[in-house]
Structure formats: structure tokens, C-alpha cells
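I have placed the structure first, in the form of C-alpha cells, so that the comments after it can refer back to it.
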Amino acid sequence: MKILIHLLVLLSFSLNSLGQNNTVRERVSLDLNWKFLQQESKGAEQPNFNDHEWRTLNVPHDWSIEGEYKQDNSSGTMGAFLPGGIGWYRKQIEIKNFKKSEKYFIEFDGVYLNSDVWVNGHHLGFHPNGYMSFSYDLSPYLKEGNNTLAVRVDHSKIPSGRWYTGSGIYRHVWLTKTEDIYVPKSGTYIITDNFLDNQATVKVQTTLVNESGKSKKVIVKNSIRDHKGTIVKEVSEKVLLKKNTTVLLQDCDIKNPQLWSSATPVMYTMITEVIVNKKVKDHYETPFGIRNIEWRSKEGLFVNGEAVIIKGLSNHQDAGGAVGVAVPDDVLYRRLKMLKEMGCNALRTAHHPFAPEFYTMCDTMGFMVMDEAFDGWWTAKAPYDYGNYFDEYWEKDLEGLLKRDRNHPSVIIWSIGNEVRKFTAEQQKIVVDKVKSIDPTRPVTQGGGYIAPHIDISGFNGHGELKNELEKYHSEYPEKLIIGTEITHTLQTRGIYRTKTWYRTKDNPAPWEKPADFARIEKKVTKIPDLSEEEVFTGISKKYQSSYDNSIVRIGVRDEWKRVEALDYYVGNFRWTGFDYLGESFGWPGRTANFGIIDLAGFPKDHFYLYQSLWSNKPMVHLLPHWSHKGKEGVEIPVVIYTNCQSAELFLNNTSLGEKTMTTDGQLVWNVPYEKGTIKAVAKNDGIVVAEKFFTTVDKGTQLTLSSDKTLIYANNKDIIHCEISITDKYKNLDPNAQSSVEYEVLGPAKIIGSENGNILDISSNSTNFRNVFNGKCLLIIQATDKTGEITIKVKSTDLQPAILTVRAIDYIK
Ligand code: GAL
């Protein structure tokens, strides 16, 4: 939560405050009140261009997600059949008390893609990469009063990625003001070293820019503040700033440091002050952590001396069909919180850098990050992707990424690519050397890049799931550690079950596979026994996947996890994926392929609990499937329990069906002849019940039930209410088969951003006020405005009791 409060404080400055404090740096959000038009607009870069008719909106904004899913959109399966195009954004910024001696920088956290930016008609630059942050110096072109920013975003050539990319200014925008002696963006580099006798040395490298035109004597003071706000160390140095850029190196010893780990994410802050004639000319803060990461050959990963297994997830950056890639901070926070509850300790940014707030949240919530720079390199992987620009831009972009992210304690490893096509060992070396020249402290890996020698930790993607592949590699390269950059691939659809095991290549081939391909890999696939001789759940669309752990590509979750635990040189893995992501579907009308263990709406699937049972120590139990199977009376249904406890007992209508002791198989199975009622799992440690979960049959839901994650939000144009709509009986038991259409309405000071039900085949538009629930559930994402007051959310549907929920929006800072 601390991070969110910090963001709020940052956002609380209004642009008008710029210019009122003329001594030190200020950073304000430029997210609000942009004008937007989704078409080519000749001359729109000129200040006097008439944009009155354009729509007014706030960024982050993704225009693709506002569009219609259409089979003939050329984004196709890769881009979830959503549109691209050209969009223009314009914004007026008011600068008061403008001084030529002051510096103004605009920072874009991410624009998708091919952006051109102008201020007052001056072209500031072209930036093709849609994921890397970038900034421009506005100072030479600004004037007192109104200034016009214009941004052209060209996403007319699609597909530009192998997944859903979105379009537009989809991350935050900032304006930073400094004096002419200042620390530039990403101008500090902090390394923690020498962990001896409860002491750590913090090395800080400070870049100082002097644009005053004269040599200046300055004092540079670096102070370290701990998480309680106490200054624990200060170092000062007199420096003569002659040149434009000076780099200062200082060491600070910290006694008894509190160490950062994913379990104890303790942060420090480096406060850099540049003092001239006793006046603070600049004040620059860098959050950092002190931790000792060792990648010990043959032994694995050690954090602060303790062996740690990577319990990781790969994710794409979109947050489903409600928001696309314009992910509000609250939505990201909710998603990360779920992963934390599941016991996940590491995340991979597939296949590009994420928004800056992601890393800040990982620092403070405790996730280790594999920060991935690129998908491919010089050879494009999608027709119009960054491969077309790589040669000219990669070095600058990679440098920007490394400098942006290298102070985050969460970032423990860089990934320079993912299944890079047609690369040579020399090319790999060039990219690795570039990384090492900017950050020699972290190892480098590459998804599937183990075939060339220059990376430190050998990254295995899907190929590593095949039997004996890791073992074989290890016998050839015994010194190298292995990391599962993309392991395990399994598929599941929330609320869907099949009792017979499916192998993707054979039973539901991806567009790039043929069923015959299975014969080639069959011997190397770790098979999963069927749960029944005859399929119990028939008539399910082939596009949906089973939520038992039996819809796999090469290995199932439980077998894979046994391997991680058994092999010391295998440091852990990043499953493909945590969340369902838009794009890369198996064909129209699919929006995604269901690799996630959490659906597009953020509703957990059964695999969420399977991982929780493997990764978390907090006693838990989960059972599947649900218990509403009309027409299956008397049919034996396999009931599976996942738990991290010693044993579990299953009850049907209060009758015990027996207790089983947890084995290394990772699941307990009972074959239960179906009868209506309540099925309950209880989990025990030392014979004492420590967790329980139950499902009660609902043949037909009778009412809508609403719940929200908040009852109070701030009127700050940012805060989000996640509102869950479910169809239930009068006791609020979910009807897991309900698919009804629900109409929704929000009254008061809030707006609906979008809705999502997690159904990969639901291609209804985001711009309507109704949506079907999918297997009983749907999510509404609602955002604050700048007005306070009561927000009423109303939902109705034919033949169901309607529901109402209220939330209050209050003022946040006076
Ligand atoms: C991998 C690839 C991922 C995703 C996945 C789907 O090979 O690296 O980006 O495409 O396959 O199976």
C-alpha cells in the first residue's frame, strides 16, 4: 500500500504548482486532459491546430481495447483481432514564471508505438519501441503560459507483436522541472557490496549535469534513509563541476543493514542533494534495497545466504479486455497481490520491459524480477515488430532500460531475448557485453538462449519441459545453472472440466502445430493418467481447456515441480503464464489461448490453488470441480483436493468419504457418485483441521450478487473499484454454470472503464453496458473522477433479483 500512497503524493501536485518553487526539482503527472483523435490529422503538431472537436481523455489510454473484435482485423490471432491505426494526442501545459535557466523534461513511461512528439511545433523525436520509457528535453522550446504538446502514434502496420500490444499513450506521462545543475533521469546507480560482519557497503555513482555555462563548485550530499524515515548514513563531497557531465563515486558503509528479499522486502532511499552556496539546487531520491544475491554454480540461487527456489510466472502486460494495456495502478496492484497470496516469488516481464510502477511494486511487495528486454533481435518475429528497427535502436533502448531499472532490488536477472530467431553467438556476445557495460552486477539469461555460450544462466523455454533435456544439458555443461524461463505450459479455462488428459499438440493443436507432431515428442512427454475411463464431461467446446491438472503441452505442473525440487542446478522456473493475456489465440473468435492460471478478469482458476499448495506455507485447501452438475446424478465424478497440509478429508452432505494423506503426487482424488448438496474438503495438520472449503449445488441461480474490493475511494481520477458480479442462490452460493447477460449502470462520480468475464470466446464490445457472466462471474472496472460523492452500482438481468452496491468517493489531499 505504501507505494500507492507514494504515487498519490506525487500526483497531488497540480501542474500549476510548477514555477512556484524555483529552487528544487518537481515532478508532476501529465496524465489528465489530453485531446485525442483516432485518425491521421495533418498539421496537428502545430500549436494553432483546432482540436476542439477531439475527444478529451486521460492517459493511460489504449485505443485498441476500445475497438471491436473483428475477424478481418489484421492483428489476427496474434493481436486478439483488435484494431490498430493512427492516433493523435494533444495537450496544453501551462508554465508559470518560466525561466530560461530552468530545465523541463517530458517523460513517457511507454507509448505503443512509433511515436513522434512535438512541443510548440518543434519535433522532439521519433521513438519506435512501444515498451521502453523515453524522455525529451522541452526547455529550449517552452515559453511562459500555454505550451502545446502533440504526439502522433502510428500503429497502422499490424501485427506488430506476437501478442496483444494495444495502441496509444498507454502508460503514465510526467513533467520534471530542475535547475540547470541537476541529476539527470536515472542519474544514480547504486550497488550494494561487501557483506561482511553485519555490514554492507553501498556504492553510489551520481551523475551530475551542469548546464549553467560556468564551472561551479558544488557539494554533493548522499544520505541514506531507512524504511522508518531515519537517516542512517550521510556522505558529502566537494566537487568542481566543470564539464557538462560529471560522475561522482561514493561509498557508504551501513552497519546491520536490513536486507531485502522477496519475503522481507525492506527498502532504503538514497537522497542526493546538490548544494551550491548553501542552497539546495537539486534533490533527487532513489529507492533501493540491500541484498546479497549469489548464483552458485551447481548449487542454485542464494539470497542473503539462503537457498531460494524461483517460484515464478511469466506474464504479458495487459490486464484483460476491460483495460487492455492501459492498466491502472490499482489494477496492477490487485493482480500482484493475488500472486503474492499464491506464494509466487518471481515474475518475468514477457517479452519486453514493463511500466515503471511494476518494478516499484515488485520492490515493495517482494517479487524477484527477470527483466526482459526483447522478444527477437535483428530478425522480426511478427511482420511489423521491433525487429524492423532493432539494428538502429537496440543499443540506446537497452541502455535506457538498464539505467531505468538497475537500482531496483527486485530485478535480479536480465533477459536479453526470447526464442530469438536466427541469431549467432557473436550477436549474443554483443548484446551481453552491452548489458555488462551498464550493469556488471546481475547475470544475463535469454529465453531458450542456452544454445549459445555467452549468457550466464541457461534459460530454457518449452523445450526444457521434455524428459531429460535439462539433465542432458547439465551433463554437458555442469558448471552452468539452469533457469526455466518459460516452464510449465499448461492450459485451463475457469469452470471447465474434462476427466481425460489432453495433450495440446494432439488434442487441441496451436495454429503452428499439426496433430501428427505429437508422435515426434510423445516419448519425451511426461504423461498424466486419465481421471476416468470414459469422459465424464462431454459436449464441451474444443476451444476450452480442462481445469483439472490434465491439459498439458509437455509436462504437468505437479511433475514439473518435482523436477525443480530435485535438481539443485535448476534454480526454478517462470510458468507460462500467470494471467491469461490477450492475443496468441488458437483462432477466431478466441481472444487468448488460456495459458493463465488466472483468467482475463483476474478470477483464479483451479491451477491458482494448485500452485498455492506447492508454493505457499500458509495452510490451505482447495477442491474441484464445483458441485452443480445437473443430469449427472449417480455418475462418478473425480473430486480432487489440493492442499499443503498433511492430510485431507472429503465430506458429501456431512458424510465422510474418507481421509487421505498427502503424497508427493500433489493431489488427492476421490471418485464420488454425484448427488446434490454440499461437498466439503477439510485439511489437517497433526490431526487438527486448519483449512476448509466447500461447494453447494446451485441448479439455477436466482439473484445477482455484487461485491467490491473497496467501499471508499479517492476522487483523484485514478482509484479503481473492482466490482465482481456473480449469479448465485439466495445464500450467495455461486451458480457455476450461469451464462446470463447482465446490464450494469454506475451513478454518481465514477466511470466504468470496462468489463471482463474471462471467456476467451466472448468478443462483445467494451463500449456496451451489458455483458454475459461466464461460468457465473463477471468483473466491472470502475474509476474515480475528480468529484466526491456516493457511487451507486446497479446490475439487473432477466429472471434474476437485481443488486445494488454503493461506494463513496472522498477528497484525498487538502
Ligand atoms: C513460447 C513463446 C511465448 C508463447 C508460448 C506459447 O514459445 O516464447 O511467447 O508464444 O510459446 O506456447
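Cβ from N, Cα, C; glycine included.
Keep in mind that this is a model prediction, so the values were computed, not measured.
Look at the domain 'Glycosyl hydrolases family 2 sugar binding' (30-178): DSSP puts its residues at 6 helix, 58 strand, 85 coil. Per TrEMBL, the feature domain 'Glycosyl hydrolases family 2 sugar binding' maps to 30-178.
Helix, strand and coil content of the domain 'Glycoside hydrolase family 2 immunoglobulin-like beta-sandwich' (191-291), in residues and according to DSSP, is 0 helix, 69 strand, 32 coil. Marked as domain 'Glycoside hydrolase family 2 immunoglobulin-like beta-sandwich' by TrEMBL: 191-291.
The domain 'Glycoside hydrolase family 2 catalytic' annotation in TrEMBL covers 299-496.
Annotation comment: TrEMBL describes 634-691 as domain 'DUF4982'. Confidence for the domain 'DUF4982' (634-691), expressed as mean pLDDT, is 98.
Taken from TrEMBL, the feature domain 'Glycoside hydrolase family 2' applies to 704-804.
What TrEMBL records for 1-19 is signal peptide.
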### Query
How many of the residues that make up the domain 'DUF4982' (634-691) does DSSP mark as helix, as strand and as coil?
0 helix, 39 strand, 19 coil
### Helix, strand and coil residues within the domain 'Glycoside hydrolase family 2' (704-804) as assigned by DSSP
0 helix, 58 strand, 43 coil
